[in-house]
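Q: When I checked Swiss-Prot for this same protein, it listed these features:
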type     : residues : note
TRANSMEM : 3-23     : transmembrane segment
TRANSMEM : 43-63    : transmembrane segment
TRANSMEM : 73-93    : transmembrane segment
TRANSMEM : 95-115   : transmembrane segment
TRANSMEM : 135-155  : transmembrane segment
TRANSMEM : 162-182  : transmembrane segment
TRANSMEM : 209-229  : transmembrane segment
TRANSMEM : 248-268  : transmembrane segment
TRANSMEM : 277-297  : transmembrane segment
TRANSMEM : 308-330  : transmembrane segment
TRANSMEM : 346-366  : transmembrane segment
TRANSMEM : 379-399  : transmembrane segment
Amino acid sequence: MKIIAKIPAWMLLCLFILSPTTETIYTSGLPSLTRCFSIDGCITQMTSTLYFLGFAVGILSLGRLSDIYGRRPIVLLGLFIYIVSSIISIFSFNIEMLMIARFIQAFGVSVGSVIGQSMARDSYQGAELSYVYAILSPWLLFIPALGSYIGGYIIEYLSWHYVFIFFSLAGTILLALYYQILPETNYYIAFSQSSKYFEVFNIIIKDKMLWLYAFIIGAFNGIYYGFFIEAPFILIDQMRVLPSFYGKLAFLLSFASIFGGFLGGYLIKKRQVYDKKVMSIGFIFSLCGCILFAVDSFILEFILVSNVFAIAMIFMPMMIHMIGHSLLIAITLRYALEDYATVTGTAGSIFGAIYYVVIASVTYCVSKIHGETISNFSLLCLVLSISSVISFYYICLLYKKKSIIIN
């Protein structure tokens, strides 16, 4: 692959973090939105479902457009859409208008994920690409948690409208900056229009292993984002925790994720543990965390405990799960597309759209089972974790079958 320009790592970071940080800032204000529009919390939570569906549509379409017209113009277009939709959200007079605006916002911000990854592959190769991802990983885990912290303070001292004002300002700064210095990294613009997009699409649709990987990634990310859309109602509304303090609690999950990342690196590099075994360890952490979460949630439903103890009973199991999340997801993303090395960009956009639909489905389930306790959500987490383990077992069987055919 010919490299015509290199995008700096910090510019990649800004692209990568924009979507998850947008969502974690926003979810801190869900109880406030519910009171403002005088609606049920489950309806407010569905704005996140629309967000992830919009993200899936954006990944599928904007990723393809960047192959045809170049990375730079589509990134700028996506940021412009993000800004306009954030401004519309400020003036939303009902929840339906906000839902539409959130869908459009996610469509625009999806450039950060799909095109950010494409620009990284355009700019770096081999060990250099691995190094760039390695130095960005801690920040990718830390900054979204910082989003909850920022969102908590905005909600506590201002109102939910200022969350979207913040998004508008951040998007405007990025758009102005990227308009000046964002390089074009796609060398194959002239050749992309003849790429076999639909041929790849048809192959992926029939690939059982890819669908199983997509389910695992979608389920684990669904648990993560589902927690952020359910926890504010439990902690802020039911337990009367201040939004700013809730934002600080989100750092606990971030620290667990960072620990999981370092543990994965230690197991692979220092202990020479092969990838599939590290994934198995990740599933064990997740399953243990989700079982403990389910047990704790039912204890909290029937036994009155102090807020401090209740918070520990909610966050400790999720921290255990997040260690497993970090051990698992990066390796899963690597193996999912190993058979699509020559069409990584196209396959990646289709694969990303699939697992974001899974995330949207999980968040929809969270909204449908929303209640005054967290026990329903904890059971959903347990079901998703067990289902992911079963999916991984089936993947291992498919690998064995594949190796037998080759030999």
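Counting starts with 1 at the first residue shown.
Just so you know, glycine gets a Cβ as well, placed from its N, Cα and C.
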Q: Apart from its near flanks, which chain residues at least 6 from the ends of the transmembrane segment (209-229) lie with a Cβ under 8 angstroms of it?
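A: For the transmembrane segment (209-229), the list is 23-24, 27, 30, 45, 48, 52, 148, 250, 253, 286, 290, 318, 321-322, 325, 328-329, 332-333, 335-337, 351, 354-359, 361-363, 365-367, 377, 380-381, 384-385, 387-388, 391-392, 394-395, 398-399.
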Q: So, does the transmembrane segment (277-297) come close enough to the transmembrane segment (379-399) to give 3+ Cβ pairs below 8 Å, pairs being at least 6 apart in sequence?
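A: These two segments touch.
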Q: Taking contact to mean three or more C-beta pairs under 8 angstroms, with sequence separation of 6 or more, is the transmembrane segment (162-182) in contact with the transmembrane segment (73-93)?
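A: Yes, since the transmembrane segment (162-182) and the transmembrane segment (73-93) share at least 3 Cβ pairs closer than 8 Å, they count as touching.
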Q: May I ask which of the stretches 3-23, 43-63, 248-268, 346-366 has the most CB pairs under 8 A with the transmembrane segment (95-115)?
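A: Most contacts with the transmembrane segment (95-115): 43-63.
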Q: Have the transmembrane segment (3-23) and the transmembrane segment (277-297) got at least three CB pairs under 8 Å, pairs 6 or more apart in sequence?
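A: Since fewer than 3 Cβ pairs under 8 Å link them, the transmembrane segment (3-23) and the transmembrane segment (277-297) do not come into contact.
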Q: Under 8 Å, at least 3 Cβ pairs, sequence separation 6 or more: does that hold for the transmembrane segment (277-297) versus the transmembrane segment (346-366)?
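A: Judged by the Cβ rule, the two regions do not touch, with the required three close pairs absent.
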Q: Sequence-remote contacts (6 or more beyond its ends) of the transmembrane segment (248-268), Cβ cut-off under 8 Å?
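A: Residues 24, 137-138, 141-142, 144-149, 152, 224, 227-228, 235, 241, 275, 278, 281-282, 285, 311, 315, 318-320, 322-327, 330-331 contact the transmembrane segment (248-268) from elsewhere in the chain.
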Q: Same chain, outside the transmembrane segment (43-63) by at least 6, Cβ under 8 Å from its Cβ: which residues?
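A: Result: 19, 23, 26-27, 30, 33-34, 37, 74, 77-78, 95, 98-100, 102-111, 113-115, 118, 225, 229-230, 345-346, 348-350, 352-354, 356-357, 359-360, 363-364, 366-367, 370.
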